[in-house]
Ligand SMILES: Nc1ncnc2c1ncn2[C@@H]1O[C@H](COP(=O)(O)OP(=O)(O)OP(=O)(O)O)[C@@H](O)[C@H]1O
Ligand SMILES: C[C@H](N)[C@H](N)CCCCCC(=O)O
Ligand SMILES: [Mg+2]
């Protein structure tokens, strides 16, 4: 069992927040406490007081049973909030800032030390989104050494995207918790066939297929992600 987890993806809009929220809810359902952090957010919303809110941060606070409108909690769990909806290194540059790999790694380690519960950190976009002009989120995951859960889709093209991302994570020495195949709206190849193919290449990797929740907001058919990927304190 691991009480820390990074959730990364093969790209943006792939379902990282959706899966992170589902894991947080499942952990709480098991009586575990959980902190879900979005260390860096771009594409944030500015309110009337000029405060920048991370849309992902709101979803994650809610999934952890906290008030999504609690500004103090938001600031604590969404360290870097950037306005422009683009790569963080570009959004930071437009805000006159430079992100720091060391600071973000230390920030996550600090959260881990503040709680004896679980801590889940959602990355930004895909595995190698730039953090600065010389570092990417892959460097952050390699420095942090928290098990990484890769979220991918089941669209045409996902096989290469997924195998490339896994190769990058393994090559950087990032421990892998597993792979979530988050079913895509367009799925020309049956998800099970995609899963089977990926298993040929990664027979040891825990995998789960997550269905699309159509409109109801219910996570119907959501697999037990906590069990599948060994997340939590397991007490
Ligand atoms: N299995 C699913 N069923 C229904 N809706 C889903 C599912 N997975 C993701 N979504 C929806 O798709 C959209 C994109 O998902 P999400 O925000 O989790 O992506 P992301 O990878 O976190 O994106 P970003 O890179 O911006 O952080 C969201 O509106 C989310 O609610
Ligand atoms: C704004 C968006 N929702 C994400 N937060 C940022 C995604 C950056 C992707 C960069 C890239 O890989 O081209
Ligand atoms: Mg997200």
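Heads up, the Cβ atoms here are built off N, Cα and C, so glycines get one too.
Residues annotated as active site in TrEMBL: 38. Cβ neighbours within 10 Å of residue 38 (active site), excluding its own Cβ and spanning all shown chains: 28. Mapped onto three states, the DSSP output places residue 38 (active site) in coil.
Residues annotated as ATP binding site in TrEMBL: 13, 14, 15, 16, 17, 18, 56, 122, 123, 124, 125, 182, 183. Taking a C-beta cut-off of under 8 angstroms and a sequence separation of 6 or more, residue 125 (ATP binding site) has the following same-chain neighbours: 9, 11, 12, 87, 137. Residue 125 (ATP binding site) falls outside any helix or strand according to DSSP and counts as coil.
In sequence order, 38, 56, 59, 60, 122 are the residues near residue 17 (ATP binding site), counting only same-chain partners six or more apart with C-beta under 8 A. The Mg(2+) binding site annotation in TrEMBL covers 17, 56, 122.
Around the Cβ of residue 42 (substrate binding site), 24 further Cβ atoms fall within 10 Å across all displayed protein chains. Residues or ranges marked as substrate binding site by TrEMBL: 42.
Each residue in 7, 16, 20, 21, 36, 38, 41, 54, 57, 59, 60 lies on the same chain as 17, 56, 122 and has a C-beta within 8 Å of the C-beta centroid of that Mg(2+) site, without being one of the site residues.
Around residue 123 (ATP binding site), taking its Cβ as the centre, 25 other Cβ atoms fall within 10 Å, counting all chains. Comparing Cβ neighbour counts within 10 Å across the binding-site residues 15, 56, 122, 183, the minimum falls on 183. With respect to ligand 1, the binding-site residues 13, 17, 42, 56, 123 contribute 13, 17, 56 as residues with a C-beta closer than 6 angstroms to one of its atoms, given in sequence order.
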